[in-house]
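What TrEMBL says about this protein:
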type: REPEAT; residues: 175-209; note: repeat 'PPR'
type: REPEAT; residues: 246-280; note: repeat 'PPR'
type: REPEAT; residues: 281-315; note: repeat 'PPR'
type: REPEAT; residues: 316-350; note: repeat 'PPR'
type: REPEAT; residues: 421-455; note: repeat 'PPR'
type: REPEAT; residues: 456-490; note: repeat 'PPR'
type: REPEAT; residues: 525-559; note: repeat 'PPR'
type: REPEAT; residues: 560-594; note: repeat 'PPR'
type: REPEAT; residues: 595-629; note: repeat 'PPR'
type: REPEAT; residues: 630-664; note: repeat 'PPR'
type: REPEAT; residues: 665-699; note: repeat 'PPR'
Amino acid sequence: MRLLAAAARQPNTPHPLLAALRRLLSTATSSSYDPTAQFLHPDHRRVLSLPASLRHDALLALARLLKISPQCHLALHAVSGGSPSSTPLAARFAAASRLAASASALRPFAAILLAALLPAASADLLSWSSSSSSGCARARYGALRLALHAFLAAGMAAEALHVLARVRRSGNTPSLSALAALLRLLFRGGEVRAAWNVFEEMAARGPRPSLAIFNAMLLGFCHRGMLRLASGLLGVMENKFGVVPDACSYNILTKGHCVFGWSGDAFKLFEEMRTSGREPTVVTYNILVDILCHEGRMEEARMLFDEMEQVGIKANTITFNVLIDGYAKTGRMDEASTAYKEMKVRGLVPDSCTFNILAAGAYKFGHNAAQLLVHDCGMSGSHISAAEGLDVLVCRLCRDGRLDDAWELLHGAIEQGVPVSVAGFNALIATYSKEGLHEAAFQLYRIMNKLGLAPSTHTFNYLLMGLCHQGRLDEAQLVLEHMVSKGYCLSTSFTIYLDASFREGDAVRALKCWDDMEKIGLQPDFIAFSAYVNGLCRLDYVNEAYQAFFEMTTRGLVPNNITYNSIISAFCRAGNMAEALKLQKQMRQSGLVPDVYTSNILIDGLCREGNLNMVDSLLLDMCSNGLIPDTVTYNTIINAYCRAKDMNGAMNFMNKMFAAGCEPDIFTYNIWMHSLCSNHMLNQAGKVLDELAARGCAPNSVTYNTLMDGICSDVLDRAMILTGRLIKMAFQPNTITLNVFLSHFCKQGFGKRALMWAEKLREDSFVFDDATRNIIDWAQREMENDTQASNEDIDRCLFLEFLMFMTYETMHNSRSSKATHVPTDKGFDPAGSNMMTILDTG
């Protein structure tokens, strides 16, 4: 533990949060130590592990045999000691078989020892287990059974099926535990047909499927999204096989319906469970509270949480984590902290998940919940395991943006043999993806696989997010296809890919993604529907968006403010204000309260139509409902009055804005400045520029270009003064600035000068946009007027030449001073960037 703490040390004074976490780590005790791991090769310690429920009996049996049987020493040394060359494989297999035969509690241990030799020794193990010279029928069956469990422990489904067929041919019946493990392995690998064949063979030839077998089948079908098959299997369990479903059976199916967007059916199962006499467990309530929190229905989640105590079910740490997470993700950090305190009052100990939830919420919403939690843990002497403590440290370092420290900590833990978990890897992968370091993220994925840590759905979702944020949708599609083939939960994954397709403006890809969800039996949940509606609205497919919105409500999925705002905004952009206002009323009727964003959207739509009277009415309605207009509200209205040439009305709202204590931003000043320049009120525009400087509000390129456009249209003496002030304020021109000057050359009849400057800019490799090319076409048409200019026109041309020269010099110097720096991912091998190669390693 001291090494782990040292790996996270900082050169400066350590952060108090990290110091507290190190104290927790220094006192943490690992309760997950596997004593049998010492007999495995070091490369396999984190790949293979004896189940915790079997460790105690296996350890006692091994200790007893080591005391009374010298042969046990020899067998153990033969299997786990020496090199393959010094001990032939057949001798190792035979020694493992003797261990398994000496005590039933040692059978799983012997299987683990053999699994450590796989896959290199697969062919030899298959040959040895089926050899007719290996002894009597009982010994042959023992060898086959041992080989079957070894292949299952190593995750080699094809070889396990091969051994299972030999067991059947020998006239023996495989154990239920082996078949349950095989079913789980097949479903995990997406081999649904093979799993069904194993189940059918059990029904026909034995052993008779048990409750554990049925639950394994239910879990497999639910993971693959085959909810109808799972529901049908639940129905025939009792009627055909006489196996009564238990709470676990219902919990599996309830969770499946929640994951795949059928929360309504999940609650129907909950009622069916209670009416059939199966008492819900804390797991049942955790599942349902989680889905309510996931959908943002926090009041209902709290009511269900309170119901638990009324029916005599005690909430556990997971229940509180789910509730705290729901509050934290909706920004209700005070309620999250209250729930945390309630958790402590009930005597429950927060775990690393509790900390990460509160830390993430505090980081996002600026709350002190995370510091309070660490202080409480340190004062109360709460213990977390080494893996949990490592996760906490890695997550906190990632949130602080200290990626090198986080990787050094994780890498040091691996080097020192400290237990690592998927959660720590996921935190770092998520941060790398967010920062656009996808090669580093995929390299971590490869390291996970080498350590034998199975990537979770979250792992792939973080990789998907990274690729989608960079617009690499073809590679993201490969990741998604890989997840489908491996049977991962895909609801969130498809939503990420769907939203990214819409953001890239690729409607065809997005619609295909939506259809693919239906083809694989994935029912869109609330978030998926919201992303679909929002994406269609973003691309102005208003009718299709409204149809999807209607389908969403008919499925019992309640749209939230964000969904309503998206479709209201789409109708406003389409000029259909009547439908937009009708949706606002519908929003109120459904129990939602329109927020400031809703009002701003409607005000913008009315301003676009020039319906300023109704804008005033909506603003009053907004204030009467307790909503405070923000800067966007005032900017929208001021801009509308300016476009209507009503400067008095615009000034009136500027005064209202100041009176309400709403601070104008750069957009407010740009709107006002544009209106003044358009009305040739350059002196007033100069005063606005002074006010900007006095308020410490930095002008942007729009400010400068607006003023430059006004300068070029004004008389020379005032324009020269204002130009000098702009140059002193470190004016940074851009392509739009050049377009302003080129267009004014054309407006004044100096097309030839515009073409000359355009040619100079092209020689210097300046980037032209469509507007620049249109201006050049205009200049070619205006060339004939160049020779007919008066003296006054010539003065203006010289002034424009001066401005153009100053702008060109500024841009040229700025371009030449920029250095090119290509960042590299230190410590990572970019050779892993081939997507199919990376995914195939998993």
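Glycine is no exception: its Cβ is also placed from the backbone N, Cα and C atoms.
Unlike curated entries, TrEMBL annotations are predicted automatically.
Across the repeat 'PPR' (281-315), the DSSP tally of helix, strand and coil residues reads 26 helix, 0 strand, 9 coil. Between the repeat 'PPR' (246-280) and the stretches 175-209, 456-490, 525-559, it is 525-559 that has the most C-beta pairs under 8 angstroms. Look at the repeat 'PPR' (456-490): DSSP puts its residues at 27 helix, 0 strand, 8 coil. The DSSP breakdown of the repeat 'PPR' (665-699), given as helix, strand and coil counts, is 27 helix, 0 strand, 8 coil. Helix, strand and coil counts from DSSP across the repeat 'PPR' (525-559) read 26 helix, 0 strand, 9 coil.
In the repeat 'PPR' (316-350), helix, strand and coil residues by DSSP number 26 helix, 0 strand, 9 coil.
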